[in-house]
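Novice: Sharing a structure, written as structure tokens. Questions coming.
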Amino acid sequence: MASLFLSNPTTTTPPLSTPFLPPKPFFRGNTKNPRAHFANFASPRCAVDAPFGGNIQKFPRTRVWDPYRRLGISRDASEEEIWGSRNFLLEQYSGHERSAESIEAAFEKILMDSFQQRKKTKINLKTKLKKKVEESPPWIKNLLNFVELPPTDVIFRRLFLFAFMGGWSIMNSAEGGPAFQVAVSLAACIYFLNEKTKSLARAFIIGLGALVIGWVSGSLLVPNIPALLLHPTWTLELLTSLVVYLFLFLACTFLK
């Protein structure tokens with residue numbers, strides 16, 4: 001059969017059918033332009049063909065000017081409510097960058113307004129206090145000239161020192177009196193005053209005066225305290241020394 005086909009090339013070759021060759025496509029209508037036929041078929045889509053961010057939620061109030069309305073809170077909201085609204089919205093719209101930026105911008109605007117309001121209130125308080133001092137009698141003005149307000153860290157350091165002396169006196173109350181602790185506290189008070197006034201004589205006079213006033217005040221105050229409020233082992237000398245520590249602290253911290 002094969003030799004017959006080779007010897008007679010004019011013989012029409014019968015169509016060969018094999019499972020390895022695809023069948024010819026069959027077109028209806030315009031067979032001269034098969035591309036028009038393929039154009040009618042919709043190509044399959046996969047998840048990669050979807051636009052990026054198509055399923056990400058977008059914050060609907062990005063263009064709301066009021067930061068409180070943007071976060072969905074009232075102007076009387078507490079700090080916990082502001083933080084809670086901010087964290088909830090950031091978690092809900094974390095996949096959308098512009099939404100997160102809008103939420104953060106509103107949160108920062110509220111914090112800045114709160115800071116400015118607190119600063120304004122503090123300034124107003126200082127102004128009112130200064131006005132009250134200016135309107136006060138002359139003897140109060142002269143008295144306030146000897147008083148100053150040091151930084152907060154200085155106040156806490158000196159408060160810790162004299163509180164430690166008081167605790168030390170209470171712990172050693174059974175062994176002896178607090179004479180040594182009172183002497184150390186007086187020396188510390190004079191040292192701090194000399195550091196401020198640059199005058200050892202002035203520092204010694206103020207420190208010694210605070211000691212005397214504190215001891216007299218304690219001697220008058222302690223006997224009037226009900227015995228039920230006091231520890232049985234605490235003596236009059238010990239309780240008076242605690243009052244002295246308070247006066248020494250006030251003298252070396254707030255007096256000029």
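Cβ atoms are placed via backbone N, Cα and C, with glycine included.
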Novice: According to TrEMBL, which stretch among 1-22, 23-44, 67-88, 111-132 corresponds to the feature region 'Disordered'?
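Specialist: That would be 1-22, per the region 'Disordered' entry in TrEMBL.
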Novice: When you scan the chain for residues with a C-beta under 8 Å from the transmembrane segment (234-255), skipping those not six or more beyond its ends, what do you find?
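Specialist: Same-chain contacts beyond the ends: 146-150, 154-155, 158-159, 162-163, 165-166, 169-170, 173, 177-178, 181-182, 185-186, 188-190, 192-193, 206-207, 209-211, 213-215, 217-219, 221-223, 225.
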